[in-house]
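Everything below concerns the one structure shown next.
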Amino acid sequence: MASPDDTEGSLTPVDFIQLQHYMEYSSLRVKDVIKEFHPGGRLARHTFGECIDAVGFNLFLKTYLEVDVFPADFCEHLFRYFQHVEQDGSTKSPLPQGGGVFLRDVSCYFSVLEEGQPREKLEFTFKLYDKDCNGLLDSSEVDRIITQMMRAADYLGWDVTELRPVLKDMMTAIDVDDSGTVTLEEWVKGGMNNVPLLVLLGLKMTERDGQHIWRMKHYNKPTYCGVCQNMLLGLGKQGLCCTCCKYTVHNQCANKNPESCGRTFVKSKMEISVASHDWIKADCKSSKCQICHKKIKTLAGRRCVWCQEMRHVECLLSGLSSCECGPLRDHILPPWAIYAVSKEEDTSLLNVTPDGHILQIVPLPDTHPLLVFVNPKSGGKQGERVLRKFQYLLNPRQVYNLSNGGPAPGLHFFRNLRDYRILVCGGDGTVGWLLDAIDKADLQVHPPIAVLPLGTGNDLARCLRWGGGYDGSDLREILREIEASKMVPMDRWSVQVIPDDPREAGDPVPYEIINNYFSIGVCCGKYLDLSSMSLEGIAVLNIPSMHGGSNLWGESKKPDGVPEVEPNEVITDPELLKEISQDMSDRRLEVVGLEGAIEMGQIYTGLKSAGRRLAQTSQITIRTIKALPMQIDGEPWMQPPCTIHITHKNQANMLMAAPTKPSSFFHLK
């Protein structure tokens with residue numbers, strides 16, 4: 001057993017980040033994995049009473065994280081870390097040779113870090129530490145749970161010096177009968193009413209209108225609590241901040257009935273179009289009051305959630321009482337544009353939200369409400385930041401996390417609107433996901449879609465002038481660009497892959513639809529031999545960008561002088577192909593050949609203008625005679641001999657940004 005002062009038994013922030021990176025790609029839950037250590041499970045032989053040995057710990061990590069290999073040095077480091085947990089002196093479990101760790105401590109730690117509902121986590125941790133299964137936790141068991149939560153909170157960046165007394169107070173309060181033990185009902189009820197604990201356990205959605213969506217935050221400048229009005233102090237994440245309204249409190253003040261968050265809808269149809277400000281207490285220091293134009297002192301002002309106007313408290317009754325929603329009016333659905341409907345009314349054409357409200361949308365006149373989808377896993381942590389920013393700038397009911405049910409809930413909520421826009425924040429794969437969902441949804445109209453590209457690649461976003469990647473610029477500027485954008489139809493293509501021998505093993509075809517391109521040989525660094533034409537790869541193009549900005553078709557010599565062609569005509573004349581420009585709306589595909597890997601690199605770097613133009617056509621059939629590497633929209637697979645049919649499916653309405661001005665410095669295009 002490592003000694004308490006053994007520094008090798010601690011985790012560094014780098015270790016913790018690495019661990020979280022592994023967890024992002026795991027689909028399993030801790031409670032499912034620990035079943036394998038129970039009698040009869042495939043890992044039971046590594047269990048020694050309540051402990052598991054080093055080999056069992058390694059298998060736990062590989063099973064839970066769904067990896068074949070886990071770094072040995074990192075595994076050993078984690079093992080020593082959990083050996084530092086204070087051993088229960090009453091346990092009679094034999095320790096394995098080389099030492100062991102308590103399975104319940106490991107399970108509790110990882111369950112706090114994984115995504116899930118707070119109630120599930122509370123119930124899981126209770127049952128995990130209820131060793132005798134009597135439905136009660138004594139003080140030592142409760143302390144052990146707090147210790148593991150503190151360890152997780154420490155490496156999440158929380159200021160744990162403030163958190164520990166908050167959790168201690170909660171434990172005292174939930175023992176309602178002062179018996180010295182805690183029942184499951186007391187544990188869940190007390191935990192669900194403790195805001196800092198809910199944030200630590202991963203509370204993701206508000207349960208009622210006007211409830212804050214809290215997250216821990218570190219502040220680089222003096223910030224004050226909206227409840228006690230004292231400064232937030234500490235070295236880590238010092239307080240809780242509401243994602244939607246930026247209201248800030250100490251951890252210990254979050255349970256003291258802070259002011260409500262802004263409304264997201266009104267209670268009845270009678271309140272529709274009653275455009276009143278939603279004032280919240282805000283740190284308006286150094287900002288000027290819109291009424292008297294004097295500076296506002298710390299916590300002496302109010303800010304409207306929807307128009308962002310700031311006023312002194314004494315100036316609230318002056319000026320216009322109606323809210324105009326500020327410069328983002330065209331995109332916002334303010335609360336007076338959404339009203340609650342009683343269950344007795346006909347709800348067949350109404351919108352039922354994920355949190356159970358039956359709502360109807362009545363957009364403001366002459367506006368185009370924006371429906372935002374964010375893939376939080378795109379671009380590292382960039383997606384999570386974009387999600388929070390849009391929840392602040394718009395009505396949170398307009399902003400959907402694609403990790404929570406995909407695009408369907410948002411499309412269903414907006415399905416009866418006739419004039420709105422969609423913004424999808426993610427990579428090309430996320431855009432394709434949304435387009436597929438729109439095909440399947442019962443929408444009155446197919447709204448135009450803008451793209452905020454996250455991560456790398458983003459060929460479709462490049463072609464639509466949204467750039468190769470979001471660089472953190474002001475999202476208000478992005479919203480202004482969406483207002484100035486124009487709608488363009490984009491062709492989408494069905495691809496059917498028919499293997500010559502269905503019994504021959506091969507990778508599954510990743511997609512049935514092509515939005516960007518299809519290629520053979522020019523993916524994953526593998527190239528095939530088309531000996532008759534001295535080519536090592538071909539690409540079938542729908543848009544003029546591939547592999548993060550390579551234009552394989554290149555520029556045309558006479559873009560305006562191309563003669564009319566029949567819809568089904570196949571063009572292979574080299575001279576005529578030189579004059580053809582790509583158009584994502586022309587219901588035609590371009591076919592390009594590549595001579596080798598070097599040529600591909602030359603096109604990407606600009607040393608060569610394009611590949612070899614082979615054809616332009618409205619449908620394609622390709623037959624292969626051996627296993628070859630293929631790719632659809634960036635997703636590769638190995639395909640046995642087959643016949644491939646590519647035909648036109650439909651057109652999607654996309655938004656193309658206006659040409660970038662040379663002086664623009666907000667973000668690269």
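Quick reminder: no glycine exception, Cβ is built from N, Cα and C everywhere.
A TrEMBL annotation is a machine prediction, not a hand-curated record.
Under the heading domain 'EF-hand', TrEMBL lists 117-152 (among others). In the predicted model, the domain 'EF-hand' (117-152) shows an average pLDDT of 73.
Secondary structure by DSSP for the domain 'EF-hand' (162-197): 25 helix, 3 strand, 8 coil. The domain 'EF-hand' annotation in TrEMBL covers 162-197 (among others).
Positions annotated as domain 'Phorbol-ester/DAG-type' by TrEMBL: 211-261 (among others).
Look at TrEMBL and you will find 276-323 (among others) tagged as domain 'Phorbol-ester/DAG-type'.
Sorting each residue of the domain 'DAGKc' (365-499) by its DSSP state yields 48 helix, 33 strand, 54 coil. Annotation source TrEMBL lists domain 'DAGKc' at 365-499.
Between the domain 'Phorbol-ester/DAG-type' (276-323) and the domain 'DAGKc' (365-499) there are fewer than 3 Cβ pairs closer than 8 Å, counting only pairs 6 or more residues apart in sequence, which means the two stretches are not in contact. DSSP labels the residues of the domain 'Phorbol-ester/DAG-type' (276-323) in these numbers: 3 helix, 15 strand, 30 coil. Per DSSP, the domain 'Phorbol-ester/DAG-type' (211-261) is made up of 3 helix, 13 strand, 35 coil.
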